[in-house]
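See below for the structure under consideration.
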Ligand SMILES: Cc1ncc(COP(=O)(O)OP(=O)(O)O)c(N)n1
Ligand SMILES: Cc1ncsc1CCOP(=O)(O)O
């Protein structure tokens, strides 16, 4: 099952909060730490898994099929510079695979190659990643709806999460809308309600 609310996690985040986030209904955690070594990433993934497994939350690893397999994660999220979805599916037939997509054609290609969901964005301006195309908003998401479950990403807060759902998104993925809020647990609860 594809989660409805992915919380992106790096080692600089408050990992002690993860069980409370999962208990509040955050059903997906994506380990995304661009500065970690491979070994640190495996260890971080194990820590995240251990923190949320009693809540049945799904843990995926960003970028790295090898780390996802080594650490026993349920899935992997792949972007344009990562292992192609087709190759990932070939070597990891049981992993949940997400693919970054920016339009309907890319979603169709990802589905053809074996992806389970598409990370679709940036929907809105984001402070969390540079070098992205201009945000393309909910209209583009609505136009891409219907091929794969879409996970909206980029500048998502609870209000925008509700809008993304109304436009056809299966769910959303969040960094700043959770980790840069005064109370991340309160923000998580609002996001959970918005995607329900
Ligand atoms: C759910 C989701 N969607 C999109 C992304 C972006 O992934 P990618 O294009 O690989 O960029 P980085 O996250 O690696 O910077 C994502 N992580 N999750
Ligand atoms: C990794 C990524 N890819 C597209 S937007 C984004 C960052 C999302 O972070 P935030 O939720 O803080 O906008």
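In case you wondered, yes, glycine gets a Cβ from its N, Cα and C as well.
No curator has checked TrEMBL annotations; they are predicted automatically.
Here TrEMBL flags 30, 31, 32, 33, 34, 62, 100, 129 as 4-amino-2-methyl-5-(diphosphooxymethyl)pyrimidine binding site. In the three-state DSSP assignment, the secondary structure recorded for residue 100 (4-amino-2-methyl-5-(diphosphooxymethyl)pyrimidine binding site) is strand.
Just so you know, the Cβ of residue 63 (Mg(2+) binding site) picks up 19 other Cβ atoms within 10 Å once every protein chain is counted. Sequence annotations record features per position, and here TrEMBL assigns Mg(2+) binding site to 63, 82.
Feature annotation from TrEMBL assigns domain 'Thiamine phosphate synthase/TenI' to 12-177. If you average pLDDT over the domain 'Thiamine phosphate synthase/TenI' (12-177) in this model, you get 98.
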Worksheet item: Which one of the binding-site residues (30, 62, 100) has its C-beta surrounded by the most other C-beta atoms within 10 angstroms?
Response: 30
Worksheet item: If you skip the near sequence neighbours and keep only those at least six away, which residues in the chain come within under 8 angstroms of residue 82 (Mg(2+) binding site), Cβ to Cβ?
Response: 63, 64
Response to the item:
Taking 31, 33, 34, 63, 100 as the binding-site residues, the residues having C-beta under 6 A from ligand 1 are 63, 100
Response to the item:
Among the binding-site residues 32, 34, 129, the one whose Cβ has the most other Cβ atoms within 10 Å is 32
Worksheet item: So how many other Cβ atoms are close to residue 33 (4-amino-2-methyl-5-(diphosphooxymethyl)pyrimidine binding site), meaning within 10 Å of its Cβ?
Response: 19
